[in-house]
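Trainee: First the structure, which I've put down as structure tokens, then a few questions once you've had a look.
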Amino acid sequence: MVRGVEQGGPAMDESSSSSSPSPVSAPAGQAAMTAGGIATVAAVLIVFAALTLAFVLLQCYCDERRRAVTTTSTSGRGRRPRPRRRSGSGGDGGTGGGVDPEVLRSLPVTVYSRSTAAAAAKEEEEEDDDGVECAVCLAELEDGEEARFLPRCGHGFHAECVDMWLGSHSTCPLCRLTVVVPPPPLPPVPPEPPASYTVSLPASVLLGLSDHGAGAVTMTAEGRSTLVIEIPESAASTTPRDAAARSSPSLARLRSLRRLWSFGRQGAAGSTSSCSCATGGDNDDGDVEHGVSVTVAIRAVEAATPARPPEAEAGARTAAAHVRN
């Protein structure tokens, strides 16, 4: 039995040895797994360290820039970076152009004082513990700096900054309110009333008469002008010739022609004394010529006048007889 066990012992040893791994291959696999894990952990640590370093550098840069702006604003020299003029003419709040230079120079420039600004804010029931910040350069106003406070909205800025801004804009940088109040439109011009006036002219100028007065009245109604000539009637007693002349308009024309001709004859006789006649025969010739001219004028008027009633015809003949006499 012992022998059987001894015989079975080697068999069992062989089976166990065949089933268990070799001691040389196990440490090699463990070493390979350990190297890969170490590389992964190292890569993660390197990336995390790089991100942390970048964040720290960015924070330091922002702090340094903020500190530099604060230092330059309190030093009094080169205290603010000048705002760059925009290439556009209007910007967001512009109206196509800046403020007129004359208006810009008329805006008041004051020396800023924090105590004065705090007192003014207290009177207006406003809390202004942080002071006034210029919206153009994003820096606070310090004591002794020149500042402009816009008249309409009351916002304050550095004088240089707001002058540069208003050179290309016409509104406040904060509230976009126009700096200058636009002028009110002009009221419409009322239409002129119709003109009416009276001009008195002597009748001798208008009709060649010397014993009457005439009035010329110009009246404007609905945009049209009308000339009215008024000839007053004579206060003397009327004669049959005047009655006949009133009954017929052609006789009135004839009288006008006769008087015009007589005035022209008197003017010609007065201007040239050498043409005056010394004999009675010459006077007779002048009377004949006068009668012929009057007859021709009467015929011309009768031809131009339409048919008249018998009474008017008789009056015209009577007037013609008087004229010839």
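Counting starts with 1 at the first residue shown.
Positions of Cβ are set from backbone N, Cα and C atoms, glycine also.
Grabbed the feature section from Swiss-Prot, which reads as follows:
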COMPBIAS  15-28  compositional bias 'Low complexity'
COMPBIAS  77-87  compositional bias 'Basic residues'
COMPBIAS  88-99  compositional bias 'Gly residues'
COMPBIAS  268-281  compositional bias 'Low complexity'
REGION    1-29  region 'Disordered'
REGION    70-105  region 'Disordered'
REGION    267-289  region 'Disordered'
REGION    303-325  region 'Disordered'
TRANSMEM  38-58  transmembrane segment
ZN_FING   134-176  zinc finger
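Help me see these features in their spatial surroundings.
Mentor: Distant neighbours of the transmembrane segment (38-58): none; no residue of the same chain at least 6 beyond its ends has a Cβ under 8 Å from one of its Cβ atoms.
In the predicted model, the zinc finger (134-176) has a mean pLDDT of 85.
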Trainee: Take the zinc finger (134-176) and count its residues per DSSP category (helix H/G/I, strand E/B, coil), listing them in that order.
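Mentor: The counts are 8 helix, 11 strand, 24 coil.
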